[in-house]
Amino acid sequence: MSTLCLFLSLLKNGAVPGEPVKKDENSRRGNWGNQIEFVLTSVGYAVGLGNVWRFPYLCYRNGGGAFMLPYFIMLVFCGIPLFFLELSFGQFASLGCLGVWKISPMFKGVGYGMMVVSTYIGIYYNVVICLAFYYFFMSMTNLLPWTYCNNPWNTPDCSGVVGSSVQLNGSLVNTTTSLVAGVMEVVNRTKRTSPSEEYWKHYVLNISDDIGNFGEVRLPILGCLAVSWFVVFLCLIRGVKSSGKVVYFTATFPYVVLTILFVRGITLDGAINGIKYYLTPQWEKVLDAKVWGDAASQIFYSLGCAWGGLITMASYNKFHNNCFRDSIIISITNCATSVYAGFVIFSILGFMAHNLNVPVSEVADHGPGLAFVAYPEALTLLPISPLWSLLFFFMLILLGLGTQFCLLETLVTAIVDEIGTDWIIRNKTVVTFSVAIAGFLLGIPLTTHAGIYWLLLMDNYAASFSLVIISCIMCICIMYIYGHRNYFKDVEMMLGFPPPLFFKVCWRFISPVIISFILIFTVIQYKPITYNDYVYPGWSLAIGFAMALSSVICIPIYALYKISRSPGTTFRERLKHACQPHPKWGPALAEHRTGRYGPMGSADTVEARPIKEKEELREEHNEEEKAKETEKKDEISLTIQGSNGSTNTHNNPNPSA
């Protein structure tokens, strides 16, 4: 009970009872309670489900240990520089993904594109979390429901890993030896479907035969979706003040679970074979362009670049926080977690392959197939399998929530910053609740019989090449429209030191080239989406492309709107004016607006400012001079009137007469 009271106190007050509450640097907008909260939140944001269910699969498919070489090269030359760029961008302006585009108002459409992407991801990502909740609840039993083929939803093709002759003693399976003895010999493996696969398809999803055949809403899944959104809202009820406390658990406990599963996994028969399959290098694949493309794409998407979340989280930092250090720590932690998760996954899959007497490649999978079919099936082979299942799905829930917190906060912060009134800032909780309700309602179609088709469609199209385009335009805007020299000075003013030469080169040249390579690679490697044997119809693919374009189209539409509303007689003048920084661009607090952002700087400082700001400074200076001249004239006129008044009084001693 005392633990619950402490948790509620953390959510409500943002501090442990008895501890002094630290004063925010930005009292109007708020800051993180301390820097650890920001680092843990960013780690939770970057380390998500993809680290567990996508990276290990990519690694073994692209040459095992050889894949690590292009993976870490892409991390150094693309991942960390882009991560640092977005963190410094948000921290300098203390604004979300919309407000930061005061740097060049014409490109505010990039911010809207980030919001659209975060909306799509937030809708389907929470559905994945709700499925993990469902499996978590279903694991609270003596026997996992996907262990055998004797259930009403099973088909004649079902063939279990664990034989029916295995004896159960009360609430748990006795030993691994008895389980291995009960393994069935599967004769026709081409037609075999596992109990876990049939449980997933025929019971959990009750999947329809077509994406257009929605059927009914699966009420158990809908209930779990409501629980998922409620948990996210509760943790964000006070914005970063409450979520910053929750991440102490949600961002760290997955590593505890990973370690427990790793220790259990490597003690199983066949685990070494699985790990060898995961890591054995195939160096000839390093020369394959597809391997480099997969490495670059995985780094880019795994770190959450261009979602708007990094900008948003950094905007709550104190102005002089060392985000350079943070970007390196968080990026390396993210990639190390991916590698570590591979050991956890493949040790268990190696054990499963050993017991089935098949190659590891036949049991390896990725995405939902790994999380809800392959891995749960492997867990049925373990003693006390419900315990391991509870731990695994609890880990998935926490990994998903860490990302979902930032997705929701990105949308809420963008709305609050854009409106910017005192009422909306005071009632930020109302905005958070409204966005959560909207996300829940929009996620309901994904809980129908056709929901998995739509979930995968959104996953493959809503945040694919559009993110690459958004990130590339962001680099071009900051480095070439605003100007790399201006931005380097901004970073130096904020951190106290300029960006290292390596990052300057990456921001200007290397990272944009790699991003362009990812885009070209994505287009060349494009294949229409399928789910198992189901081929998506053309109209659904058109919807997928429409979702992808809906975020990108925001950029040219807003640019044209901004140009049309900008002053100027010619298109060139309007374009030039629309690209110039807004007068309010710069540090949010007055005490940080020094140097070229001060009310009036030196001649050198003024010359360093953008053209629009210099014109405004000259106008302000001229207005001040005019005001001084007016004051002097008024003083002179008052003096003259005073002397006239004294003369009249002297001539007429009784003015009232």
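Cβ coordinates are placed from backbone N, Cα and C, and glycine is handled just like the others.
The compositional bias 'Basic and acidic residues' annotation in TrEMBL covers 606-636. Under the heading compositional bias 'Polar residues', TrEMBL lists 638-657. The region 'Disordered' annotation in TrEMBL covers 587-657. According to TrEMBL, the signal peptide annotation covers 1-18. Feature annotation from TrEMBL assigns transmembrane segment to 71-101, 113-137, 219-240, 252-279, 299-316, 328-353, 387-408, 429-455, 461-484, 505-526, 538-561.
Only residues 6 or more beyond the boundaries of the transmembrane segment (299-316), in the same chain, are considered here, and those with a CB under 8 A from a CB of the stretch are 29-32, 38, 41-42, 45-46, 48, 50-51, 54-55, 71, 74-75, 78-79, 82-83, 86-91, 93-97, 99-100, 111, 114-115, 117-118, 121, 240, 323, 331, 334-335, 338, 403, 406-407, 409-410, 413-414, 463, 467-468, 470-471, 474, 515, 518. Contact check: the transmembrane segment (461-484) against the transmembrane segment (538-561) gives at least three Cβ pairs closer than 8 Å, residues 6 or more apart, which meets the contact criterion. Note: the stretches the transmembrane segment (71-101) and the transmembrane segment (387-408) are not in contact (fewer than 3 CB pairs below 8 A, sequence gap of 6 or more). Between the transmembrane segment (429-455) and the transmembrane segment (328-353), the number of CB pairs under 8 angstroms, six or more residues apart, is fewer than three, so the stretches are not in contact. Recorded stretches compared: 113-137, 219-240, 252-279, 387-408, 505-526; the one with the most Cβ pairs under 8 Å to the transmembrane segment (328-353) is 252-279. It is 387-408 that, among the stretches 219-240, 387-408, 505-526, forms the most Cβ pairs under 8 Å with the transmembrane segment (113-137). Long-range contacts of the transmembrane segment (505-526) within the same chain, counting only residues at least 6 positions beyond its ends with a Cβ under 8 Å from a Cβ of the stretch, are 74, 77-78, 81-82, 85, 289-290, 292-293, 296-297, 300, 464-465, 468-469, 471-472, 475-476, 478-479, 484, 499.
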